[in-house]
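So TrEMBL lists the following for this protein:
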COMPBIAS  285-297  compositional bias 'Polar residues'
DOMAIN    47-226  domain 'TLC'
REGION    278-298  region 'Disordered'
TRANSMEM  20-40  transmembrane segment
TRANSMEM  91-112  transmembrane segment
TRANSMEM  119-137  transmembrane segment
TRANSMEM  187-207  transmembrane segment
TRANSMEM  213-234  transmembrane segment
């Protein structure tokens, strides 16, 4: 386990430090958002704030890991012996990834429902198993490296898209362009290139005179990750066909954990829970009972009740014009019209 220049104790220290660092990054993201973004505490639900901070930490980790490991894809030591070749860089970044996976798994278990993140939790557990094979048993470093580079390099863009949705920017030309770019990157990196490396590994293992357990365990880990990628690709394609942009949730790496964009809540998606934009005060009991929606115009918030009717077997939404309540930002008085 480990090597003479990178012993087991150092692996543990790096993994522990990585777990602590990414926990602190998510905390710093929370504090910075509180200081720099007034709407962070006023308009985002607690679940959305946790998603926001976690996405920032995950996106930064993915960018750092993919950038540093990409240079090692051409390492002559690893390419000369894909099954047994190891380097100090392999141990270092494998330990960093292990610590990150521990952080993200604990974060998910602590703050998100298990039912909404079971697939992602399974993905993390499979990833931890791969790290154990590569870092602790000194095997399959090249293929673990390929997973780190081509999987993690998709995540920065994914988390940017997720943060845009949480911030209410889930529409427009930029968002649509980034969504299409992510789908193309996901297909190329996580499906085409990933399966090319998997079949290369499988071919090497099948030609071994003696096939050790770790070789088949590594192939099983790689196959499991590729199956999850196929599952997520199918969901992405279905969303693209339906005209829905990709989003991110704990349940899969391409869904947004049920976050309601801010502009939708301002239009009535969550008016009873959202604070009034102009006054910073919560809606009154009467407004909550009426299920009012809010729109901001010139510093005035106009709350209009919404009613749902069934038409052709589908729910259609129409606004009632019988009553409008104008809330002024300065007087704080509610005038019924």
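We count from 1, first residue shown onward.
Every residue gets a Cβ built from N, Cα and C, even glycine.
Unlike curated records, TrEMBL annotations are generated automatically.
These figures come from a predicted structure and were not determined experimentally.
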For the transmembrane segment (187-207), could you work out the same-chain residues 6 or more beyond its ends whose Cβ comes under 8 Å from its Cβ atoms?
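82-83, 140, 143, 146-147, 150-151, 153-154, 215-216, 218-219, 222-223, 225-226, 229-230, 232-233.
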Please average pLDDT over the domain 'TLC' (47-226) for the predicted structure.
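The predicted confidence over the domain 'TLC' (47-226), as a mean pLDDT, is 92.
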